[in-house]
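TrEMBL has this to say about the protein:
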- 346: active site, proton acceptor (ACT_SITE)
- 226, 290, 291, 315, 316, 317, 318: ATP binding site (BINDING)
- 316: Mg(2+) binding site (BINDING)
- 344, 345, 346, 389, 390, 391, 445, 497, 498, 499, 500: substrate binding site (BINDING)
- 219-521: domain 'Phosphofructokinase' (DOMAIN)
- 317: site 'Important for substrate specificity' (SITE)
């Protein structure tokens with residue numbers, strides 16, 4: 001079947017108005033099949049089988065007189081039409097092939113996206129105690145209206161149902177930006193075309209059905225790692241929420257995982273009355289420590305104490321320990337829910353908007369930067385140098401620099417730099433002293449470690465003990481300006497322990513409140529091996545296994561880092 005010019009075929013009997021095919025849409029069936037133009041029978045056969053989706057009307061062409069010269073002209077016209085038709089047919093084949101390739105790529109792209117979606121759903125499916133126990137749920141005992149609702153009808157059904165529960169099928173989107181190109185600032189793509197895939201995670205909150213009898217539950221809380229603003233706020237809210245469910249037996253494990261095996265450390269009974277005002281002070285009401293015994297020894301202690309729920313507050317290392325405890329409990333088929341709450345001022349846990357303690361740490365770090373600014377500006381050729389915490393990431397340094405607006409140079413571990421040379425930090429400090437008369441430098445503790453001699457030592461948690469970049473830079477700055485004969489007054493401030501030992505600010509206090517409450521809701525819903533966190537401004541549950549694969553780090557191509565560079569005005573230092 002082939003289509004012909006609209007002027008070639010006479011209108012046939014049709015029930016619908018004929019549609020004219022555009023002249024450019026003609027093609028010829030076969031190579032050099034121009035003789036079809038000269039046969040009425042051929043013309044009728046061509047028009048008798050139109051495309052299934054349209055009814056073209058083709059009309060006969062005006063005949064050319066049969067003189068010799070006219071015949072030669074006609075032959076030439078027929079040959080030209082034949083060649084043009086063949087070329088157009090070849091173009092059509094090439095276009096069809098290209099479209100087929102695009103369709104093939106689109107199908108592969110769709111298959112890739114589908115595979116990614118299936119893998120994502122599998123990875124982020126939350127582990128439950130019902131995976132190893134055949135348990136039937138019971139109606140929840142958590143209701144904020146239970147004491148204010150009518151008694152109910154004769155069957156005991158509440159007349160006023162409360163709708164404050166979260167459905168088990170509720171999900172929240174982890175990412176909301178659709179990047180059009182991998183070159184977009186901060187782009188996170190699954191393929192070169194940045195295909196959009198909906199990354200859904202479980203919404204946090206109370207469920208209508210629970211898997212524990214509150215009166216039979218023994219719940220334990222443990223705080224591990226270093227100090228962090230907000231620890232007491234989380235402890236307080238966990239106790240409050242457990243009592244709301246009806247739990248009577250709540251204990252605190254003193255001094256981190258050490259409290260499970262260290263002789264002389266006894267568990268501490270907790271109640272609403274005891275923890276009522278602990279949020280007014282910094283630190284941890286239960287105490288903290290790093291490191292611990294073997295996982296099997298901790299689970300032995302959990303089993304001996306008959307603990308049903310364990311709430312673990314800590315950072316990356318603590319989360320890894322909590323996951324190991326969860327796996328050991330599943331291996332032993334223990335009905336224990338292990339739920340973590342992310343605590344770190346470094347904000348270096350994957351997938352989360354932020355961890356509790358981070359906002360307070362940034363606020364306190366800003367105070368140190370303001371002090372360095374005053375010192376530097378008040379001195380002749382003053383240089384304020386502030387070292388902030390950040391074992392593997394520069395989030396505190398970046399956000400504190402942005403919030404203060406007084407930092408001229410911000411150095412983080414994710415962006416390499418050099419101190420010496422034409423493009424080094426020291427040469428830029430010379431420029432700042434010449435143009436401004438003073439400057440302020442903010443450096444994360446893990447920045448520039450490649451410039452220092454490594455000690456190779458580790459702490460009790462197995463973390464590498466970092467060399468002191470702050471002291472190193474202080475000495476290098478003094479030596480450099482002494483060598484070039486320019487006076488410089490360096491003021492070095494290290495507010496590390498001041499930043500983490502203070503009470504949580506308003507923002508962190510709210511975050512701690514919600515994370516603590518949701519941790520209890522997750523445990524009663526039968527989840528285990530999860531962490532309670534905030535993603536994309538929504539409160540969700542994530543599997544611990546997905547957040548401990550690597551520390552979260554600042555993306556040098558992100559908009560936030562670009563904003564920091566815009567604020568400081570610093571050049572590249574390499």
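Cβ coordinates come from backbone N, Cα and C, glycine included.
Surrounding the centroid of the Cβ atoms of 226, 290, 291, 315, 316, 317, 318, where the record places ATP, the chain contributes additional residues within 8 Å, namely 224, 225, 314, 321, 461, 463. In this structure, the binding-site residues under consideration are 317, 390, and the one with the smallest number of other Cβ atoms within 10 Å of its Cβ is 317. Nearest in space to the residue listed as 'active site, proton acceptor', taking C-alpha to C-alpha distance over the binding-site residues 317, 445, 498, is 445. The Cβ neighbour count for residue 315 (ATP binding site), using a 10 Å radius and every protein chain shown, is 27.
For residue 500 (substrate binding site), the same-chain residues 6+ apart in sequence whose C-beta sits under 8 angstroms from its C-beta are 226, 227, 228, 229, 345, 357, 361, 389. Residues belonging to the domain 'Phosphofructokinase' (219-521) score a mean pLDDT of 95 in the model. Comparing residue 317 (ATP binding site) with residue 445 (substrate binding site), their Cα atoms are 18 Å apart once rounded. The Cβ of residue 316 (ATP binding site) has 344, 348, 349, 548, 551 as same-chain neighbours under 8 Å, each 6 or more residues away in sequence. Cα separation, residue 390 (substrate binding site) to residue 318 (ATP binding site), rounded: 17 Å. Cα separation, residue 291 (ATP binding site) to residue 445 (substrate binding site), rounded: 22 Å. Taking Cβ-Cβ distances under 8 Å and a sequence separation of 6 or more, the neighbours of residue 445 (substrate binding site) in its chain are 387, 388, 389, 390, 391, 466, 468, 469, 470, 496. Around residue 498 (substrate binding site), the same-chain residues at least 6 positions away in sequence with a Cβ under 8 Å from its Cβ are 364, 368. Within the same chain, residues at least six positions away from residue 318 (ATP binding site) with a Cβ under 8 Å of its Cβ are 224, 225, 312, 340, 343. Long-range neighbours of residue 290 (ATP binding site) (same chain, six or more residues apart, CB within less than 8 Å of its CB): 224, 225, 226, 256, 317, 459, 460, 461.
The most densely surrounded of the binding-site residues 226, 291 is 226 (count of other Cβ atoms within 10 A of its Cβ).
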